[in-house]
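Structure record follows, encoded as structure tokens.
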Amino acid sequence: MTHQVATCHKKQSFSGKPTLSRIALLVALQISASALPISITHAEEQADESITVYGQANEAYAAGKISKASSIGMLGDKDFLDTPFNAIGYTDKHIQDQHAQDISDVISASDPSVFTSGETGLNKESFKIRGFSSDIGDVMFNGLYGIAPYYRSSPEMYQRIDVLKGPASLLNGMPPNGSVGGSINLVTKRAQEAPITSFTGTYMSDSQFGGHIDIGRRFGENEQFGVRFNGVFRDGDASVDGQSRKAQLASLSLDWRNDIALIEADLYFSTERVDGPNRGLSIASGVDVPSPPSSDTLLSPSWAYNDSEDKGMMIRAELDLSNSVTAYGAVGASRTDFDSNVPQRVKIIDDSGTLEVSLGSVKLESKRTSGEVGIRSSFDTGPIEHYLVLNSTYFREDKNDSPTGNNNPGSWNPNIYNPVWGPEDSTYDNYYELPVDSTQISFGVADTLSLANGKYQVTLGLRHQSIDYESGVTWNGNAFPTTKLKESTYTPAIVALYKVSDSVSLYGNYTEGLTNGKTAGSGAANVGEAFEPQKTKQTEAGLKLDMNDFAHTFSLFEIKKPNGYQDPDTNIYSFGGEQRNRGIEWGFYGTVLEDYTLTGGIAYTDAEITKATDVTTEGKQATKLPDLQAKLALEWNLPVMRQLTLIGQANYMSEQYIDAQNTQSLSAQTIFDLGARYNSTIANQSVIWRLAVNNVTDEAYWTTTHYASLALGAPRTVMLSATADF
């Protein structure tokens with residue numbers, strides 16, 4: 001078995017000798033560092049396997065949309081049946097076919113375990129995995145936290161987007177923002193063996209036009225040098241009246257390889273400007289959820305804006321020390337500058353839909369460094385094969401958030417059915433400075449023990465995670481005491497897999513995730529007490545079925561996440577609160593009867609508050625989450641016209657509660673999408689035409705949102721693209 005690097009690229013064998021498993025060069029983790037999963041040959045008996053292709057993508061299901069392998073953190077890439085987790089990898093073909101403009105578009109299209117609101121104009125990507133919020137700032141870039149764009153990431157520079165469901169601190173270390181529902185890894189494009197030059201022109205209603213150029217080449221006597229460039233520009237009006245968006249991206253990927261070493265570098269620069277952004281609405285207690293207005297209504301002033309700029313870079317290296325030992329290391333840095341002027345809080349205050357508005361602005365600057373070093377080795381002890389991994393991760397963020405607010409223009413009195421807003425106002429009553437300096441360091445070890453050529457596999461692992469956190473608050477020039485936290489903890493994992501046959505695997509795991517601890521506030525009897533990183537604990541069992549062109553994953557899970565809790569009797573603050581999510585998932589993807597491709601599934605998640613400061617909410621369902629999601633995407637390649645593929649998709653979400661007492665809720669919805677794809681040849685050049693009409697019935701519906709309780713779902717949106725290969 002060969003474990004691959006997260007980028008799915010293998011070094012080319014030039015001499016005819018067996019290719020050694022790649023290993024990253026040990027990069028000193030001094031001031032900053034950064035990391036990625038790497039590949040190594042699992043056992044020396046495989047040493048005669050010569051790999052002669054570099055940069056070739058893994059085999060894929062669903063007509064090339066779903067990779068048969070995905071990155072599993074420090075364990076490297078694993079094939080579908082060898083992965084003891086519920087994981088999925090989306091290829092660049094899926095990204096293109098989905099007309100995706102961010103990561104949420106990719107991972108939520110047909111996966112029922114992932115929930116996104118569907119609203120437009122939010123300043124950041126927002127999604128939930130297995131019922132828990134996952135912060136876009138916790139997305140990994142080639143295995144490193146903190147390198148990807150901070151608020152939104154254009155997906156055109158990625159070869160693959162991997163999603164691993166459930167907490168995974170052993171595999172990746174503690175996410176900077178404490179996401180525990182799952183982890184996402186963005187794998188950048190590399191130059192392939194064959195040169196690539198393609199241009200994609202895009203249109204999205206009402207009048208947003210754009211282009212994407214993708215160029216890749218290899219150079220040198222043995223094609224040891226690789227260059228891949230991606231450039232993106234989009235600008236124009238969105239499908240919501242009064243809302244527009246402009247996005248730019250330039251990314252460059254470089255690599256060099258020989259028989260035993262690999263060096264890769266990535267650089268990118270991206271910007272986004274949204275005019276008429278939308279943070280959503282809250283609703284006053286006792287007010288019924290009103291009927292939604294027209295689907296293209298902008299519930300925010302058109303003069304409001306979000307403006308962000310991201311830049312990042314990383315270098316990684318791998319070196320084969322022997323046939324069975326690989327060393328790896330990576331280092332990266334990124335910076336985000338964000339500026340916003342938008343209503344911070346908009347509340348529905350009566351049954352007629354009247355809005356109460358508080359304005360505010362935000363300026364944010366975030367600088368991040370990240371890294372990883374490690375060693376992977378394979379060896380045998382009698383009949384047992386070992387795959388041993390040691391690694392250390394590092395992450396630091398220096399952030400300054402400068403919000404303003406509390407300007408309440410009461411004379412406006414907008415209404416959701418007639419949202420008339422006053423002129424732009426930047427005179428605010430309150431000014432804040434919220435600096436944060438956070439450093440996270442971890443050391444992890446994992447040993448995968450295999451018997452009978454991998455039929456029986458058990459992975460035992462442990463990670464030590466430390467965090468050094470300091471934050472401050474300045475309000476209208478008045479400084480408040482600094483909050484300091486310096487704590488550490490251990491997170492174990494036990495994972496097992498049994499390959500029943502060449503097409504069936506059973507797996508189970510116990511894993512933990514970490515969220516930053518806090519200090520007890522001024523209202524607590526134990527004010528100032530610091531708490532270590534808090535552990536979210538998962539137990540999971542599942543079955544995987546590989547029917548060559550069609551795959552299924554069935555899983556059962558329970559996740560318990562601690563929440564802040566202040567004892568009503570003693571007034572002592574702790575993390576004694578708890579949310580418990582229990583769920584069952586069925587996901588499938590593949591080709592059926594040659595002409596049909598199916599992707600989708602069903603997920604039921606019972607998210608219950610089991611202990612809370614307000615005891616009346618115990619036993620209630622967690623808010624802003626449908627307990628049932630069902631998704632199905634069908635593609636039909638017409639037998640009478642093989643160049644044409646017709647596409648249909650349906651997404652169902654059940655009722656969602658938006659208040660802790662479960663008295664206010666949003667009704668269940670089913671959204672339908674239609675599309676088509678046509679392969680043509682023009683002037684001897686391949687041209688692929690893609691058409692999508694999302695929310696084809698133009699359903700007006702409420703959905704939940706990251707910052708507030710509810711927001712309008714996206715209206716009917718038409719997207720068209722044409723990709724020409726030169």
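Numbering starts at 1 and runs along the chain as it is shown here.
Using N, Cα and C of the backbone, Cβ positions are placed for all residues, glycine too.
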_For the annotation motif 'TonB box' in Swiss-Prot, which listed range does it cover: 49-56, 129-136, 569-576, 593-600?_
49-56
_According to Swiss-Prot, motif 'TonB C-terminal box' applies to one of these ranges: 313-330, 493-510, 637-654, 709-726. Which one is it?_
709-726
*Can you tell me how the residues of the motif 'TonB C-terminal box' (709-726) break down into helix, strand and coil by DSSP?*
0 helix, 12 strand, 6 coil
_Secondary structure content, the domain 'TBDR plug' (79-189) (per DSSP, counts of residues)_ = 24 helix, 35 strand, 52 coil
*So what's the mean pLDDT when you look at the domain 'TBDR beta-barrel' (194-726)?*
94
